[in-house]
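Below are the features I grabbed from Swiss-Prot:
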- 21-41: transmembrane segment (TRANSMEM)
- 62-82: transmembrane segment (TRANSMEM)
- 106-126: transmembrane segment (TRANSMEM)
- 136-156: transmembrane segment (TRANSMEM)
- 190-210: transmembrane segment (TRANSMEM)
- 218-238: transmembrane segment (TRANSMEM)
- 252-272: transmembrane segment (TRANSMEM)
């Protein structure tokens, strides 16, 4: 047993308190994720204006729409997919975003679905671009290249919040014994950090490679979608399935099943981008 194995005994998920309001590391990490994604996108606009012909004010307005879509989609997606008492929230819709418990204590909003956030993001992007759909793929590409590094902070936040824990490390796994984290007296994979690396860093490198070697609008979001789906599918083998969900056919988790659907959506965007690529190039 090394110091890393027992790191959860060394810190509190609560960063600090403001009166009765407890500020968690996850909240701070999520705020960092938004800031990183925002400024990464601005840097891309300034560095490559031909690929991203968008004014800063225009992007700022779009970013608000996208972030709102992500938050709404992530929360509603969690309720519909993962929440055992989803029927209660569907009849008490206002409770979905209620950050207070029944005693009036601030507890924050727990339970967000990445894939739900993706759906919300796509819907928000379409609604914002519906008057000028020629820019839709440009917006999507911009988010595709700015989101992965922000995503890293989100998964680090999950790690600091001691949630979305990994599967139990087999006793014969030498590497697992080194990197594992003790959770409830069981050594588990640090799946949140594995996801941060695979779904954040590796996917970012994939999208940057695509940016260098492609010229068609819409391909960056396709590479992001396919790359994330693959990395998430792999990472799920180290992540403990949600207790209320378990596994399904072929022992696949819900995250893996949703990632397969994400592949289908990505291929659909690829068809749309291919069909409209000539028009987009002419309008540059």
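Just so it is clear, glycine is given a Cβ too, placed from its N, Cα and C backbone atoms.
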Are the transmembrane segment (136-156) and the transmembrane segment (21-41) near each other by the rule of at least 3 C-beta pairs under 8 angstroms (pairs 6 or more apart)?
yes
Taking a Cβ cut-off under 8 Å, which residues six or more beyond the ends of the transmembrane segment (136-156) line up next to it in the same chain?
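Long-range Cβ neighbours of the transmembrane segment (136-156): 29-30, 32-38, 40-41, 44-45, 51-54, 59, 62, 66, 121-122, 125-126, 128-129, 192-193, 195-197, 199-201, 203-204, 207-208, 211, 217-221, 223-225, 269, 272-273, 276, 280.
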If we skip the immediate neighbours and take only residues 6+ beyond the ends of the transmembrane segment (106-126), which ones have a Cβ under 8 Å from one of its Cβ atoms?
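Long-range Cβ neighbours of the transmembrane segment (106-126): 20-22, 24, 27, 62, 65-66, 68-83, 97-100, 136, 139-140, 143, 232, 255, 258-259, 261-262, 265.
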